[in-house]
Amino acid sequence: MQKGVEIGDLAETTFAGPTSGTSKITLAVKEKVCLVEVEEEEEEEDEAQPLNVTVVSDIGSHADVEIPDTAHQISTDSWFQVGFVLTTGINSAYVLGYSGTIMVPLGWEGGVLGLILATAISLYANALIAKLHEYGGTRHIRYRDLAAFIYGTKAYSLTWTLQYINLFMINTGYIILAGSALKAAYVLFRDDDAIKLPYCIAIAGFVCSMFAICIPHLSALGIWLGFSTVLSLVYIVTAFVLSIKDGIKSPPRDYSIPGTSTSKIFTTIGASANLVFAYNTGMLPEIQATIRQPVVKNMMKALYFQFTVGVLPLYLVTFAGYWAYGSSTATYLMNDVNGPVWAKAMANIAAFLQSVIALHIFASPMYEYLDTKHGIKGSPLAFKNLSFRILVRGGYLTLNTFVSALLPFLGDFMSLTGAISTFPLTFILANHMYLVANENKLTSIRKLWHWINICFFAIMSAAATTAALRLIALDSKTYHVFADL
(Lines of atoms letter the chains of each structure in order from A; the text may use other names.)
(Lines give C-alpha, C1' and ligand atoms only; values in the text may rest on other atoms or scores of the structure.)
Protein backbone atom coordinates (compact mmCIF):
# COMPACT_ATOMS: atom_id res chain seq x y z
CA MET A 1 0.00 0.00 0.00
CA GLN A 2 1.33 3.51 -0.76
CA LYS A 3 0.28 6.81 0.81
CA GLY A 4 1.29 10.45 0.36
CA VAL A 5 2.57 11.97 3.60
CA GLU A 6 3.77 15.46 4.57
CA ILE A 7 6.92 14.93 6.62
CA GLY A 8 9.02 18.04 6.14
CA ASP A 9 12.65 17.48 7.05
CA LEU A 10 12.13 14.48 9.33
CA ALA A 11 14.58 11.62 8.73
CA GLU A 12 12.98 9.14 11.11
CA THR A 13 9.67 9.16 12.96
CA THR A 14 6.87 6.94 14.27
CA PHE A 15 3.24 6.84 13.17
CA ALA A 16 0.50 5.38 15.36
CA GLY A 17 -3.08 4.74 14.46
CA PRO A 18 -5.61 2.09 13.58
CA THR A 19 -3.99 -0.35 11.20
CA SER A 20 -4.34 -4.00 10.48
CA GLY A 21 -0.97 -4.74 12.02
CA THR A 22 2.58 -3.71 12.58
CA SER A 23 3.85 -2.10 9.40
CA LYS A 24 7.25 -1.45 7.95
CA ILE A 25 7.25 1.85 6.07
CA THR A 26 9.86 3.02 3.59
CA LEU A 27 9.86 6.70 2.61
CA ALA A 28 11.37 8.15 -0.52
CA VAL A 29 11.60 11.88 0.10
CA LYS A 30 11.28 14.58 -2.53
CA GLU A 31 11.11 18.01 -0.92
CA LYS A 32 8.14 17.67 1.49
CA VAL A 33 6.14 14.94 -0.22
CA CYS A 34 7.01 11.36 0.73
CA LEU A 35 6.01 8.08 -0.79
CA VAL A 36 5.11 5.60 1.93
CA GLU A 37 5.22 1.89 1.28
CA VAL A 38 3.57 -0.25 3.96
CA GLU A 39 4.19 -3.94 4.58
CA GLU A 40 1.47 -5.32 6.84
CA GLU A 41 1.22 -8.31 9.11
CA GLU A 42 -2.01 -9.62 10.54
CA GLU A 43 -2.94 -8.27 13.97
CA GLU A 44 -6.13 -7.50 15.81
CA GLU A 45 -8.16 -4.80 14.11
CA ASP A 46 -8.48 -1.32 15.59
CA GLU A 47 -5.34 -1.76 17.70
CA ALA A 48 -2.94 1.18 17.47
CA GLN A 49 0.46 -0.04 16.37
CA PRO A 50 3.70 2.00 16.00
CA LEU A 51 4.98 2.42 12.46
CA ASN A 52 8.76 2.79 12.20
CA VAL A 53 9.64 5.12 9.35
CA THR A 54 13.05 5.52 7.73
CA VAL A 55 13.82 8.01 4.99
CA VAL A 56 15.73 6.26 2.23
CA SER A 57 16.35 8.73 -0.55
CA ASP A 58 15.04 11.28 -3.01
CA ILE A 59 12.27 10.10 -5.32
CA GLY A 60 13.73 11.96 -8.22
CA SER A 61 17.20 10.42 -8.24
CA HIS A 62 17.56 7.55 -5.81
CA ALA A 63 14.21 5.85 -5.17
CA ASP A 64 14.99 2.93 -7.49
CA VAL A 65 18.62 2.44 -6.45
CA GLU A 66 19.22 -1.08 -5.16
CA ILE A 67 21.55 -1.51 -2.17
CA PRO A 68 23.38 -4.87 -1.82
CA ASP A 69 23.34 -6.75 1.45
CA THR A 70 26.26 -6.10 3.82
CA ALA A 71 27.09 -6.80 7.44
CA HIS A 72 28.63 -3.34 7.81
CA GLN A 73 26.99 0.07 8.03
CA ILE A 74 26.41 2.16 4.92
CA SER A 75 25.08 5.70 4.29
CA THR A 76 25.88 6.81 7.83
CA ASP A 77 28.87 9.17 7.51
CA SER A 78 29.15 12.81 6.46
CA TRP A 79 31.37 13.80 3.55
CA PHE A 80 33.67 15.48 6.07
CA GLN A 81 34.26 12.24 7.97
CA VAL A 82 34.87 10.38 4.72
CA GLY A 83 37.29 13.14 3.71
CA PHE A 84 39.23 12.49 6.90
CA VAL A 85 39.24 8.75 6.16
CA LEU A 86 40.86 9.50 2.79
CA THR A 87 43.26 12.05 4.29
CA THR A 88 44.25 9.59 7.02
CA GLY A 89 45.32 7.20 4.28
CA ILE A 90 47.53 9.64 2.37
CA ASN A 91 49.05 11.25 5.49
CA SER A 92 49.77 8.00 7.25
CA ALA A 93 53.27 7.23 8.46
CA TYR A 94 54.09 6.29 4.85
CA VAL A 95 54.73 10.02 4.26
CA LEU A 96 57.91 9.64 6.31
CA GLY A 97 59.27 7.48 3.49
CA TYR A 98 58.49 9.59 0.43
CA SER A 99 61.59 11.79 0.68
CA GLY A 100 63.72 8.69 0.23
CA THR A 101 61.52 6.61 -2.07
CA ILE A 102 60.21 9.34 -4.40
CA MET A 103 62.46 12.38 -4.24
CA VAL A 104 65.83 10.58 -4.15
CA PRO A 105 65.20 8.50 -7.34
CA LEU A 106 63.58 11.44 -9.19
CA GLY A 107 65.48 14.50 -7.95
CA TRP A 108 64.01 17.95 -7.49
CA GLU A 109 62.54 18.45 -10.96
CA GLY A 110 61.14 14.95 -11.39
CA GLY A 111 59.99 14.65 -7.78
CA VAL A 112 58.10 17.95 -7.58
CA LEU A 113 56.55 17.58 -11.03
CA GLY A 114 55.73 13.93 -10.37
CA LEU A 115 53.93 14.64 -7.09
CA ILE A 116 51.86 17.44 -8.63
CA LEU A 117 50.94 15.38 -11.70
CA ALA A 118 50.14 12.35 -9.54
CA THR A 119 47.81 14.53 -7.44
CA ALA A 120 45.92 15.72 -10.53
CA ILE A 121 45.59 12.34 -12.28
CA SER A 122 44.67 10.59 -9.03
CA LEU A 123 41.85 13.08 -8.37
CA TYR A 124 40.63 12.57 -11.94
CA ALA A 125 40.74 8.76 -11.76
CA ASN A 126 39.03 8.64 -8.37
CA ALA A 127 36.33 11.01 -9.62
CA LEU A 128 35.59 8.58 -12.48
CA ILE A 129 35.06 5.74 -10.01
CA ALA A 130 32.98 7.92 -7.67
CA LYS A 131 30.60 8.87 -10.49
CA LEU A 132 29.88 5.20 -11.22
CA HIS A 133 28.77 4.43 -7.67
CA GLU A 134 25.06 4.28 -8.55
CA TYR A 135 25.49 3.23 -12.18
CA GLY A 136 22.67 1.12 -13.60
CA GLY A 137 20.30 1.66 -10.67
CA THR A 138 22.46 -0.24 -8.19
CA ARG A 139 24.64 1.13 -5.45
CA HIS A 140 28.03 -0.52 -5.93
CA ILE A 141 29.48 -0.68 -2.42
CA ARG A 142 32.38 -2.88 -3.45
CA TYR A 143 34.92 -2.38 -6.24
CA ARG A 144 34.52 -5.96 -7.45
CA ASP A 145 30.71 -5.57 -7.61
CA LEU A 146 31.09 -2.54 -9.87
CA ALA A 147 33.49 -4.41 -12.16
CA ALA A 148 31.15 -7.43 -12.32
CA PHE A 149 28.16 -5.21 -13.12
CA ILE A 150 29.99 -3.59 -16.05
CA TYR A 151 31.99 -6.52 -17.44
CA GLY A 152 30.34 -9.69 -16.17
CA THR A 153 30.99 -12.26 -13.46
CA LYS A 154 34.53 -13.15 -14.56
CA ALA A 155 35.65 -9.60 -13.77
CA TYR A 156 34.48 -10.06 -10.19
CA SER A 157 37.20 -12.61 -9.36
CA LEU A 158 39.93 -10.73 -11.23
CA THR A 159 39.13 -7.41 -9.55
CA TRP A 160 38.82 -9.00 -6.12
CA THR A 161 42.19 -10.71 -6.60
CA LEU A 162 43.86 -7.43 -7.58
CA GLN A 163 42.21 -5.60 -4.72
CA TYR A 164 43.08 -8.29 -2.19
CA ILE A 165 46.75 -8.21 -3.25
CA ASN A 166 46.71 -4.41 -3.10
CA LEU A 167 45.21 -4.23 0.40
CA PHE A 168 47.24 -7.14 1.75
CA MET A 169 50.47 -5.51 0.66
CA ILE A 170 49.42 -2.09 1.96
CA ASN A 171 48.62 -3.69 5.32
CA THR A 172 51.95 -5.50 5.27
CA GLY A 173 53.64 -2.16 4.67
CA TYR A 174 51.77 -0.58 7.58
CA ILE A 175 52.95 -3.31 9.93
CA ILE A 176 56.54 -2.81 8.71
CA LEU A 177 56.10 0.93 9.29
CA ALA A 178 54.69 0.45 12.77
CA GLY A 179 57.49 -1.96 13.66
CA SER A 180 60.15 0.40 12.26
CA ALA A 181 58.72 3.30 14.27
CA LEU A 182 58.72 1.19 17.43
CA LYS A 183 62.32 0.09 16.82
CA ALA A 184 63.37 3.71 16.15
CA ALA A 185 61.80 4.80 19.45
CA TYR A 186 63.55 1.97 21.33
CA VAL A 187 67.04 2.72 20.03
CA LEU A 188 66.72 6.33 21.18
CA PHE A 189 66.97 5.06 24.75
CA ARG A 190 68.81 1.73 24.48
CA ASP A 191 70.90 0.96 21.41
CA ASP A 192 71.80 -2.57 22.51
CA ASP A 193 70.09 -4.66 19.78
CA ALA A 194 68.16 -6.53 22.46
CA ILE A 195 64.92 -5.80 20.59
CA LYS A 196 65.29 -6.38 16.87
CA LEU A 197 63.00 -5.23 14.06
CA PRO A 198 61.18 -8.59 13.69
CA TYR A 199 60.26 -8.41 17.39
CA CYS A 200 58.92 -4.88 16.93
CA ILE A 201 56.95 -6.01 13.89
CA ALA A 202 55.43 -8.83 15.95
CA ILE A 203 54.38 -6.33 18.65
CA ALA A 204 52.91 -4.06 15.96
CA GLY A 205 50.93 -6.94 14.47
CA PHE A 206 49.51 -7.86 17.88
CA VAL A 207 48.37 -4.26 18.55
CA CYS A 208 46.79 -4.06 15.07
CA SER A 209 44.90 -7.28 15.80
CA MET A 210 43.57 -5.92 19.10
CA PHE A 211 42.39 -2.75 17.38
CA ALA A 212 40.71 -4.74 14.58
CA ILE A 213 38.84 -6.83 17.14
CA CYS A 214 37.59 -3.74 19.00
CA ILE A 215 36.47 -1.72 15.93
CA PRO A 216 33.76 -3.70 14.10
CA HIS A 217 33.55 -1.70 10.85
CA LEU A 218 34.82 1.36 8.99
CA SER A 219 32.10 3.76 10.17
CA ALA A 220 32.87 2.84 13.78
CA LEU A 221 36.25 4.58 13.56
CA GLY A 222 34.49 7.84 14.45
CA ILE A 223 36.61 9.61 17.07
CA TRP A 224 39.64 7.54 16.11
CA LEU A 225 39.88 9.61 12.93
CA GLY A 226 40.37 12.64 15.16
CA PHE A 227 43.14 10.86 17.04
CA SER A 228 44.65 9.84 13.71
CA THR A 229 44.73 13.46 12.54
CA VAL A 230 46.44 14.60 15.75
CA LEU A 231 48.96 11.75 15.55
CA SER A 232 49.69 12.57 11.90
CA LEU A 233 50.35 16.21 12.79
CA VAL A 234 52.70 15.13 15.59
CA TYR A 235 55.09 13.16 13.39
CA ILE A 236 54.71 15.38 10.33
CA VAL A 237 55.36 18.63 12.23
CA THR A 238 58.22 17.06 14.21
CA ALA A 239 59.87 15.63 11.09
CA PHE A 240 59.36 18.91 9.20
CA VAL A 241 60.77 21.15 11.96
CA LEU A 242 63.76 18.93 12.73
CA SER A 243 64.53 18.50 9.01
CA ILE A 244 64.48 22.26 8.45
CA LYS A 245 66.70 22.71 11.50
CA ASP A 246 69.20 20.13 10.20
CA GLY A 247 69.09 21.58 6.70
CA ILE A 248 69.94 25.07 7.89
CA LYS A 249 72.98 23.82 9.82
CA SER A 250 74.21 21.34 7.23
CA PRO A 251 76.74 22.08 4.46
CA PRO A 252 75.52 22.00 0.81
CA ARG A 253 73.88 18.68 0.01
CA ASP A 254 74.22 16.45 -3.02
CA TYR A 255 70.92 16.24 -4.90
CA SER A 256 72.13 14.16 -7.82
CA ILE A 257 70.27 10.93 -8.54
CA PRO A 258 72.41 8.04 -7.27
CA GLY A 259 73.26 4.90 -9.24
CA THR A 260 74.46 3.83 -12.66
CA SER A 261 72.61 4.72 -15.85
CA THR A 262 70.83 1.36 -15.87
CA SER A 263 69.85 1.46 -12.21
CA LYS A 264 68.55 5.03 -12.60
CA ILE A 265 66.09 3.85 -15.21
CA PHE A 266 64.71 1.15 -12.94
CA THR A 267 64.61 3.36 -9.83
CA THR A 268 62.82 6.11 -11.76
CA ILE A 269 60.17 3.66 -12.95
CA GLY A 270 59.86 2.26 -9.42
CA ALA A 271 59.43 5.78 -8.03
CA SER A 272 56.52 6.34 -10.43
CA ALA A 273 54.75 3.41 -8.76
CA ASN A 274 55.43 5.03 -5.38
CA LEU A 275 53.80 8.22 -6.69
CA VAL A 276 50.48 6.54 -7.43
CA PHE A 277 50.75 4.47 -4.25
CA ALA A 278 50.94 7.69 -2.22
CA TYR A 279 47.50 8.94 -3.24
CA ASN A 280 45.29 5.97 -4.00
CA THR A 281 43.45 3.49 -1.84
CA GLY A 282 42.23 0.89 -4.34
CA MET A 283 39.00 0.72 -2.29
CA LEU A 284 37.12 3.92 -3.15
CA PRO A 285 33.67 2.24 -3.61
CA GLU A 286 34.01 0.65 -0.16
CA ILE A 287 34.75 4.04 1.38
CA GLN A 288 32.00 5.72 -0.66
CA ALA A 289 29.52 3.13 0.64
CA THR A 290 29.70 4.73 4.09
CA ILE A 291 28.77 8.23 2.89
CA ARG A 292 25.29 9.73 3.13
CA GLN A 293 23.08 10.65 0.19
CA PRO A 294 23.61 12.17 -2.28
CA VAL A 295 26.56 9.81 -2.52
CA VAL A 296 28.24 11.13 -5.67
CA LYS A 297 28.01 14.79 -4.72
CA ASN A 298 29.24 14.13 -1.18
CA MET A 299 32.04 11.88 -2.37
CA MET A 300 33.29 14.57 -4.72
CA LYS A 301 33.42 16.97 -1.76
CA ALA A 302 35.48 14.41 0.17
CA LEU A 303 37.85 13.93 -2.80
CA TYR A 304 38.34 17.68 -3.24
CA PHE A 305 39.16 17.89 0.47
CA GLN A 306 41.64 15.00 0.17
CA PHE A 307 43.46 16.41 -2.85
CA THR A 308 43.67 20.03 -1.64
CA VAL A 309 43.94 20.42 2.13
CA GLY A 310 44.79 16.76 2.59
CA VAL A 311 47.92 16.71 0.43
CA LEU A 312 49.61 19.77 1.98
CA PRO A 313 51.16 17.90 4.95
CA LEU A 314 52.50 15.25 2.55
CA TYR A 315 54.14 17.92 0.38
CA LEU A 316 55.68 19.72 3.35
CA VAL A 317 57.38 16.75 4.97
CA THR A 318 58.46 15.16 1.67
CA PHE A 319 60.13 18.30 0.30
CA ALA A 320 61.64 19.31 3.66
CA GLY A 321 63.21 15.90 4.19
CA TYR A 322 64.80 15.80 0.76
CA TRP A 323 65.98 19.41 1.06
CA ALA A 324 67.68 18.66 4.38
CA TYR A 325 69.46 15.40 3.52
CA GLY A 326 69.64 15.24 -0.28
CA SER A 327 70.36 12.00 -2.08
CA SER A 328 71.34 10.29 1.18
CA THR A 329 67.80 10.60 2.66
CA ALA A 330 66.72 7.39 4.39
CA THR A 331 63.55 5.50 3.48
CA TYR A 332 62.27 6.30 7.01
CA LEU A 333 62.87 10.01 7.60
CA MET A 334 62.91 9.81 11.40
CA ASN A 335 66.16 7.83 11.15
CA ASP A 336 67.85 10.95 9.68
CA VAL A 337 66.61 13.80 11.86
CA ASN A 338 68.55 15.17 14.82
CA GLY A 339 66.90 16.76 17.80
CA PRO A 340 65.68 16.22 21.38
CA VAL A 341 65.20 12.59 22.26
CA TRP A 342 61.73 13.30 23.66
CA ALA A 343 60.59 14.90 20.38
CA LYS A 344 61.87 12.04 18.22
CA ALA A 345 60.39 9.46 20.59
CA MET A 346 57.02 11.24 20.53
CA ALA A 347 57.04 11.34 16.72
CA ASN A 348 57.93 7.65 16.43
CA ILE A 349 55.25 6.58 18.89
CA ALA A 350 52.73 8.75 17.03
CA ALA A 351 53.75 7.09 13.75
CA PHE A 352 53.32 3.67 15.38
CA LEU A 353 49.83 4.42 16.69
CA GLN A 354 48.64 6.13 13.51
CA SER A 355 49.76 3.12 11.45
CA VAL A 356 47.50 0.93 13.57
CA ILE A 357 44.48 3.14 12.79
CA ALA A 358 45.34 3.53 9.09
CA LEU A 359 45.78 -0.22 8.64
CA HIS A 360 42.21 -0.75 9.83
CA ILE A 361 40.93 1.40 6.96
CA PHE A 362 42.73 -0.67 4.33
CA ALA A 363 41.80 -3.97 5.96
CA SER A 364 38.09 -3.09 6.16
CA PRO A 365 37.11 -4.53 2.71
CA MET A 366 38.44 -7.92 3.81
CA TYR A 367 36.63 -7.61 7.14
CA GLU A 368 33.38 -6.64 5.37
CA TYR A 369 33.68 -9.60 3.00
CA LEU A 370 34.24 -12.09 5.82
CA ASP A 371 31.56 -10.61 8.10
CA THR A 372 28.94 -10.53 5.34
CA LYS A 373 29.75 -14.05 4.12
CA HIS A 374 29.40 -15.50 7.62
CA GLY A 375 26.40 -13.39 8.69
CA ILE A 376 28.16 -11.42 11.42
CA LYS A 377 25.49 -8.84 12.25
CA GLY A 378 24.03 -7.29 15.37
CA SER A 379 25.87 -6.27 18.52
CA PRO A 380 29.66 -6.22 18.14
CA LEU A 381 29.90 -7.60 21.68
CA ALA A 382 27.74 -10.67 21.00
CA PHE A 383 29.74 -13.81 21.74
CA LYS A 384 29.53 -15.13 18.17
CA ASN A 385 30.57 -11.80 16.64
CA LEU A 386 33.40 -11.15 19.09
CA SER A 387 34.83 -14.66 18.84
CA PHE A 388 34.62 -14.48 15.03
CA ARG A 389 36.65 -11.26 14.97
CA ILE A 390 39.22 -12.70 17.35
CA LEU A 391 39.76 -15.83 15.28
CA VAL A 392 39.36 -14.55 11.72
CA ARG A 393 40.77 -11.03 11.92
CA GLY A 394 43.47 -12.21 14.29
CA GLY A 395 44.44 -14.96 11.86
CA TYR A 396 44.44 -12.61 8.86
CA LEU A 397 46.73 -10.10 10.60
CA THR A 398 48.97 -12.88 11.89
CA LEU A 399 49.67 -13.80 8.26
CA ASN A 400 50.29 -10.13 7.46
CA THR A 401 52.69 -9.86 10.38
CA PHE A 402 54.63 -12.96 9.35
CA VAL A 403 55.17 -11.62 5.82
CA SER A 404 56.16 -8.21 7.25
CA ALA A 405 58.81 -9.74 9.49
CA LEU A 406 60.01 -12.11 6.76
CA LEU A 407 60.62 -9.37 4.15
CA PRO A 408 60.77 -5.98 5.92
CA PHE A 409 61.73 -3.97 2.81
CA LEU A 410 59.35 -1.01 2.97
CA GLY A 411 60.38 0.76 -0.22
CA ASP A 412 60.08 -2.47 -2.20
CA PHE A 413 56.55 -3.08 -0.95
CA MET A 414 55.50 0.43 -1.91
CA SER A 415 56.85 0.02 -5.45
CA LEU A 416 55.41 -3.46 -6.01
CA THR A 417 52.00 -2.52 -4.59
CA GLY A 418 51.76 0.53 -6.84
CA ALA A 419 52.87 -1.48 -9.87
CA ILE A 420 50.76 -4.63 -9.73
CA SER A 421 47.57 -3.34 -8.16
CA THR A 422 47.28 0.45 -7.78
CA PHE A 423 47.99 1.15 -11.47
CA PRO A 424 45.42 -1.42 -12.70
CA LEU A 425 42.74 -0.69 -10.10
CA THR A 426 42.86 3.08 -9.93
CA PHE A 427 43.91 4.08 -13.43
CA ILE A 428 43.42 1.29 -15.99
CA LEU A 429 40.11 -0.07 -14.66
CA ALA A 430 38.75 3.36 -13.72
CA ASN A 431 39.21 4.75 -17.23
CA HIS A 432 37.97 1.60 -18.98
CA MET A 433 34.91 1.14 -16.74
CA TYR A 434 33.93 4.77 -17.27
CA LEU A 435 34.44 4.33 -21.00
CA VAL A 436 32.24 1.22 -21.17
CA ALA A 437 29.55 2.66 -18.90
CA ASN A 438 29.28 5.91 -20.88
CA GLU A 439 30.19 4.70 -24.36
CA ASN A 440 27.08 6.13 -25.98
CA LYS A 441 27.45 9.48 -24.24
CA LEU A 442 31.13 10.24 -24.88
CA THR A 443 32.47 12.10 -27.91
CA SER A 444 35.19 10.54 -30.06
CA ILE A 445 37.80 12.82 -28.51
CA ARG A 446 36.85 11.81 -24.97
CA LYS A 447 36.90 8.13 -25.95
CA LEU A 448 40.37 8.58 -27.42
CA TRP A 449 41.48 10.34 -24.22
CA HIS A 450 40.39 7.39 -22.08
CA TRP A 451 42.07 4.88 -24.39
CA ILE A 452 45.32 6.87 -24.22
CA ASN A 453 45.13 6.71 -20.41
CA ILE A 454 44.42 2.98 -20.46
CA CYS A 455 47.36 2.18 -22.76
CA PHE A 456 49.79 4.51 -20.99
CA PHE A 457 49.05 3.16 -17.51
CA ALA A 458 49.14 -0.44 -18.75
CA ILE A 459 52.67 0.14 -20.02
CA MET A 460 53.61 1.89 -16.77
CA SER A 461 52.20 -0.97 -14.72
CA ALA A 462 54.24 -3.58 -16.61
CA ALA A 463 57.43 -1.51 -16.43
CA ALA A 464 56.97 -0.69 -12.74
CA THR A 465 56.34 -4.34 -11.88
CA THR A 466 59.61 -5.32 -13.56
CA ALA A 467 61.49 -2.56 -11.73
CA ALA A 468 59.98 -3.49 -8.36
CA LEU A 469 60.79 -7.20 -8.74
CA ARG A 470 64.36 -6.30 -9.70
CA LEU A 471 64.65 -4.14 -6.57
CA ILE A 472 63.32 -6.93 -4.37
CA ALA A 473 65.78 -9.41 -5.94
CA LEU A 474 68.71 -7.07 -5.24
CA ASP A 475 67.62 -6.46 -1.65
CA SER A 476 67.10 -10.18 -1.11
CA LYS A 477 70.77 -10.73 -2.00
CA THR A 478 71.87 -7.97 0.35
CA TYR A 479 69.65 -8.84 3.32
CA HIS A 480 68.57 -12.13 4.84
CA VAL A 481 64.98 -12.97 5.78
CA PHE A 482 63.79 -11.58 9.12
CA ALA A 483 66.43 -8.89 8.71
CA ASP A 484 67.05 -6.35 11.46
CA LEU A 485 67.19 -3.23 9.28
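Positions of Cβ are set from backbone N, Cα and C atoms, glycine also.
The domain 'Amino acid transporter transmembrane' annotation in TrEMBL covers 76-466.
Taken from TrEMBL, the feature transmembrane segment applies to 78-98 (among others). Here the transmembrane segment (78-98) has long-range neighbours at 173-174, 177-178, 181, 218, 221-222, 225-226, 228-229, 232, 235-236, 239, 274, 278-279, 281, 287-288, 290-292, 298-299, 301-303, 305-306, 309-311, 313-314, 317-318, 321, 331-334, 351-352, 354-355, 357-358, 361-362, 410-411, 414, meaning same-chain residues at least 6 beyond its ends whose C-beta is under 8 angstroms from one of its own.
The transmembrane segment annotation in TrEMBL covers 110-129 (among others).
Remote same-chain residues near the transmembrane segment (164-185) are listed as 92-94, 96-97, 195-198, 200-205, 207-208, 282-283, 332, 334-335, 344-345, 348-349, 351-352, 355-356, 358-359, 362-363, 365-366, 397, 400-401, 403-405, 408-410, 413-414, 416-417, 420-422, 425, 485 (criterion: CB distance under 8 Å, separation of at least six residues from the stretch ends). The transmembrane segment annotation in TrEMBL covers 164-185 (among others).
Taking Cβ pairs closer than 8 Å, the transmembrane segment (197-218) reaches residues 71-73, 85, 174-176, 178-180, 182-183, 186, 224, 286-287, 290, 352, 355-357, 359-361, 363-364, 367-368, 371, 380, 385-386, 389-390, 393-394, 397-398, 400-401, 404-405, 408, 482-485 in its own chain, all 6 or more past its ends. Per TrEMBL, transmembrane segment is recorded for 197-218 (among others).
The transmembrane segment annotation in TrEMBL covers 224-244 (among others).
According to TrEMBL, the feature transmembrane segment maps to 302-325 (among others). Here the transmembrane segment (302-325) has Cβ contacts under 8 Å with residues 79-80, 82-83, 85-87, 90-91, 95-96, 98-100, 102-104, 108, 111-112, 115, 119, 122-123, 126-127, 130, 232-233, 236, 239-240, 243-244, 246-247, 250, 253, 255, 278-279, 291, 333, 336-337 of the same chain, all six or more residues outside its ends.
What TrEMBL records for 345-370 (among others) is transmembrane segment. Residues 70-72, 85, 88-89, 92-93, 96, 142-143, 163-164, 167-168, 170-171, 174-175, 177-178, 181-182, 184-185, 188-189, 204, 207-208, 211-212, 215, 217-218, 221, 224-225, 227-228, 231-232, 234-235, 238-239, 281, 283, 286-287, 334, 376, 392-393, 396-397 of the same chain lie 6+ residues outside the transmembrane segment (345-370) yet bring a C-beta within less than 8 angstroms of a C-beta in it.
Counting same-chain residues at least six beyond the ends of the transmembrane segment (390-410), those with a Cβ under 8 angstroms from any Cβ of the stretch are 97, 101, 168, 171-173, 175-177, 179-180, 197-198, 201-202, 204-206, 208-209, 212-213, 331-332, 363, 366-367, 370, 374, 472, 475-476, 479, 481-483, 485. Among the features that TrEMBL reports, transmembrane segment is placed at 390-410 (among others).
According to TrEMBL, the transmembrane segment annotation covers 416-436 (among others).
Look at TrEMBL and you will find 448-473 (among others) tagged as transmembrane segment.
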**Item:** Same-chain residues at least 6 beyond the ends of the transmembrane segment (416-436) whose Cβ lies under 8 Å from its Cβ atoms
**Value:** 121-122, 125-126, 128-129, 131-132, 143, 146-147, 150-151, 159, 162-163, 165-166, 169-170, 173, 270, 272-277, 280, 282, 284, 442, 447, 450-451, 453-454, 457-458, 460-461, 464-465, 467-469, 472
**Request:** With a Cβ cut-off under 8 Å, give me the same-chain residues at least six positions beyond the ends of the transmembrane segment (110-129) that come close to it.
**Result:** 102-103, 143, 146, 268, 271-272, 275-276, 278-280, 284-285, 300, 303-304, 307, 311, 314-315, 318-319, 322, 426-427, 430-431, 433-434
